[in-house]
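Copied from Swiss-Prot, the annotated features are:
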type	residues	note
BINDING	ASP338, ASP342	Mg(2+) 1 binding site
BINDING	ASP338, ASP342	Mg(2+) 2 binding site
BINDING	ASN482, SER486, GLU490	Mg(2+) 3 binding site
CARBOHYD	ASN27	N-linked glycosylation site
CARBOHYD	ASN206	N-linked glycosylation site
CARBOHYD	ASN319	N-linked glycosylation site
CARBOHYD	ASN384	N-linked glycosylation site
CARBOHYD	ASN465	N-linked glycosylation site
CARBOHYD	ASN509	N-linked glycosylation site
MOTIF	338-342	motif 'DDXXD motif'
TRANSIT	1-68	transit peptide
Amino acid sequence: MAFCISYVGALLPCSLSTRTKFAICHNTSKLHRAAYKTSRWNIPGDVGSTPPPSKLHQALCLNEHSLSCMAELPMDYEGKIKETRHLLHLKGENDPIESLIFVDATLRLGVNHHFQKEIEEILRKSYATMKSPIICEYHTLHEVSLFFRLMRQHGRYVSADVFNNFKGESGRFKEELKRDTRGLVELYEAAQLSFEGERILDEAENFSRQILHGNLAGMEDNLRRSVGNKLRYPFHTSIARFTGRNYDDDLGGMYEWGKTLRELALMDLQVERSVYQEELLQVSKWWNELGLYKKLNLARNRPFEFYTWSMVILADYINLSEQRVELTKSVAFIYLIDDIFDVYGTLDELIIFTEAVNKWDYSATDTLPENMKMCCMTLLDTINGTSQKIYEKHGYNPIDSLKTTWKSLCSAFLVEAKWSASGSLPSANEYLENEKVSSGVYVVLVHLFCLMGLGGTSRGSIELNDTQELMSSIAIIFRLWNDLGSAKNEHQNGKDGSYLNCYKKEHINLTAAQAHEHALELVAIEWKRLNKESFNLNHDSVSSFKQAALNLARMVPLMYSYDHNQRGPVLEEYVKFMLSD
């Protein structure tokens, strides 16, 4: 009698739509797909397949009018940057607290890259005068919380003890704070920067969240919407451009510089849209010329989806166009190889495929089926080409580091295939150790690290090994959220290879809700570790990489906000916002 189990294939972080289950039977050697759900994004240019570049060009509204508008933009654009810089400088000189609010606004609206020098000077002055808990005693909850968050975000240590000033004799936060909505919101935001062991920040998060949730019903509509958005998407753990749309409304007419800053943010968005649209055309052209989706007709043919990852990860650095396009190629191959392991290969073929990647040897693919052989050889060609581009741009060849990530990824996929063939679930710890590799996070971040010119021989350059703990935390966050999203949206029957079911196998009396809560607790722990690792990587050369890596983790709440049709309307809305009017 054949023994069959239902198994969820490697749920890559790139799986923006819900993955389907695969039935693996012991009396066959193939992995059979039940049915891949097509992409349900209702986004211009994404129809679940690859439109030719000319059609994609039309779908993205790149017409003569929009291009002519772009040609006229720079004159006003530069003037608006200068005007904003002047206003920021004035506030930095005359109003320490409002200058911090101004800095926060530039971050939330995604225009801070224009004012790095001015922002650094404001933060330097503020840190010199406010870092002492004694001095913080004379400031409001909102002011101290904002100061704390901005300093930690920018690598300046402030003790969590500054919040002791807001506790009463009972050791609990003071009762009068319950009426300070603005202060509580900022306290909640500040608590997202906590490290492991900072109990007072755990208390601050719980206190502020409970009070704000309890008060939502009695708030006016605009305030309720604003507070609700911040509770759902705290700034530190979310994508700035996504949360910035709501913050634009929050600014209102409170500050005289608000209108100027909003106008600059809109101009910035126009520039970014133009760049992203052009990059998507490049990606579509590359994908069509590659032609692998024609050989692997069951594989996911979603270049738009591939590109979305690079667009969001590098959303803060519009100048890194080449890096976004090149990184998208790596994302595409994670999808393809995942599909090779989930759909095409027998276990014996998957072993040969993995050995070929491990050897990085074209001839080792000779015994593979033609479609698998073509995929493997094209992977080697593409990554060798990426390494050559990095060498030409930055003066060093990272091929060994890049090869290592692909070897590890394929080996992790192979472990999954063997687990599936055995019909048994691994322990929760075994699962998580392997799945954080099969998530694809290491591949993406190592490629990004090298594409940004890090890890070379230049003096003072950070080493790739210095980022391993940071990458590990991001990979675990993704894997756990991926499994949580799958559990919610795929109606798992308890026999699939998710962390939740591996954990429940070891704790047989645990309910699904308790297992879910346990996974969320692990996510919270990894965010604390990620905060600490990010803070410790306080080196000028790595700041852009660090921000991009955090953006990878920040995609999680966008990815797993599914509706009843298993679409991701929140992410869909964000991508539409970034690509079209």
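Even glycines carry a Cβ here, placed using N, Cα and C.
Remember, predicted model here, so these are calculated numbers, not experimental data.
Overlay of Swiss-Prot annotations on the structure.
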residue : record                      : Cβ within 10 Å
ASN206  : N-linked glycosylation site : 13
ASN319  : N-linked glycosylation site : 10
ASP338  : Mg(2+) 1 binding site       : 24
ASP342  : Mg(2+) 1 binding site       : 25
ASN384  : N-linked glycosylation site : 14
ASN465  : N-linked glycosylation site : 8
ASN482  : Mg(2+) 3 binding site       : 25
ASN509  : N-linked glycosylation site : 6
Exercise. Which of the recorded positions ASN206, ASP342, ASN509 has its Cα closest in space to the Cα of ASN482 (Mg(2+) 3 binding site)?
Worked result: ASP342
For this session: Mind looking up the mean pLDDT for the motif 'DDXXD motif' (338-342) in the predicted model?
Result: 93
Exercise. Which of these recorded positions is closest to ASN206 (N-linked glycosylation site) if you go by CA atoms: ASN319, ASP342, ASN384, ASN465, ASN509?
Worked result: ASN509
For this session: Check the Cα-Cα distances from ASP342 (Mg(2+) 1 binding site) to the glycosylation sites ASN319, ASN384, ASN509 and tell me which is shortest.
Result: ASN384
Seminar exercise, completed: Cα nearest ASN465 (N-linked glycosylation site) among recorded positions (ASN319, ASP338, ASN384, ASN509) -> ASN384
Seminar exercise, completed: What DSSP reports for the motif 'DDXXD motif' (338-342) is 5 helix, 0 strand, 0 coil
